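K.L.:
Feature table excerpt (TrEMBL):
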- 1-280: domain 'Major facilitator superfamily (MFS) profile' (DOMAIN)
- 126-145: transmembrane segment (TRANSMEM)
- 157-178: transmembrane segment (TRANSMEM)
- 190-213: transmembrane segment (TRANSMEM)
- 225-245: transmembrane segment (TRANSMEM)
- 257-276: transmembrane segment (TRANSMEM)
Amino acid sequence: LGFGAVFSTFQLIGLLFLPESPRYLFKNGNSERAARVLSTLRPPGYDTSAELSEWRANINDEESNLSFKEIFESHSIRASLALGCGVQCLQQFAGINTVMYYSASILQDAGFGGSDSICCCAKDAIPIWLSISTATAQFVGVLIGQYLSDSWGRRPLLLSSCLAAALFLGLLGTGFLLQDKESNGSQSLTLVALLGYLVAFGWGLATIPWTLNGEIYPMKARAKCATLASMCNWMSNFIVSGSFLTLTDTKLKTQGTFWLLGSIAIIGFFWLLVAMPETKGRTLNEIADIFQNLSGEPHESYTPLANENAMRTPLVVNNSESDEKLEGLLEPFSGEKLKGLLEPFRYIQTSIICNNICKICIYI
């Protein structure tokens, strides 16, 4: 347990070099320093003055934080909050932490470790060593998501991740069904399905819920809405991880439990197909307009960016463009300015990559 202090120390050292948020600096009157920090977070040549102009135009919204009562009275904010909380719950109810917390137990139940020692490794330790592959598989999935982030939107990545995760959860349950029938190949199927699930989860469900919750709320409600969404995530984590072993001891057994989690992922896919708009390449004001369109609320006026026309994609609620990309019609971004809008997505993916590297080190 004390080994965790090593990574905590690295984090503490890193925090010493972490700059203040440029928005925080700007709100507190330090616009020059905010511009310097912002320039380090954007690609070379990116015009930060336009983004600072938008902040200046919306400074009143950032200072007038809404109460919880006002948040729930607003149809558009309530719609975005439902989406934000929903994707956080879906992330957990798709079963990720049951696999991460109980990977060694799952592999042992699948039959690994029941034979003689392999490669100088005691038979009881085989599931533990194999569980290293779980963190590695999710690490690979996040790398895939980062590679595709410039050509796919949030919506196609998350939808494809849900479908693939559901498929591999179904195969994982089938592997345990074959294990009960003592069929040959059940161990291989279980291991492949487990790794496939983690790769699929990594490219979408691991990162998009956090990215989405940083984009869909207006500034005057962002702090409270993000807090509620994070609370939903951890409450769902508690429910799923606390009930997993209990469910495997019921009539569902292990295979039925994984089929149940796969069914939730499929339900989540169809819900997102209807409820989730594409937010890639859009400014915060454009995203707010999307939810106002969906709720029928009148639009709040704002001052557009000087180079907004060069940065944004057409403001439509129709998701046909994302659906085409989901089918494989991918078109890469062109221009550094538009790529700058994707930087927060890259930072979240990078942090999850670091998280998985630390998991691999701890397992070893």
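Just so it is clear, glycine is given a Cβ too, placed from its N, Cα and C backbone atoms.
What TrEMBL says about a protein is an automatic prediction, not a curated fact.
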K.L.:
Using a Cβ-Cβ cut-off of under 8 Å, list the residues of the same chain that are 6+ residues beyond the ends of the transmembrane segment (257-276) and lie near it.
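P.N.:
Here the qualifying positions are 82-83, 86-87, 90, 93-95, 98, 154-155, 158-159, 162-163, 165-167, 169-170, 172-173, 176, 212, 244, 247-248, 319.
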K.L.:
Averaged across the domain 'Major facilitator superfamily (MFS) profile' (1-280), what pLDDT does the model get? Just tell me the whole number, please.
P.N.:
86
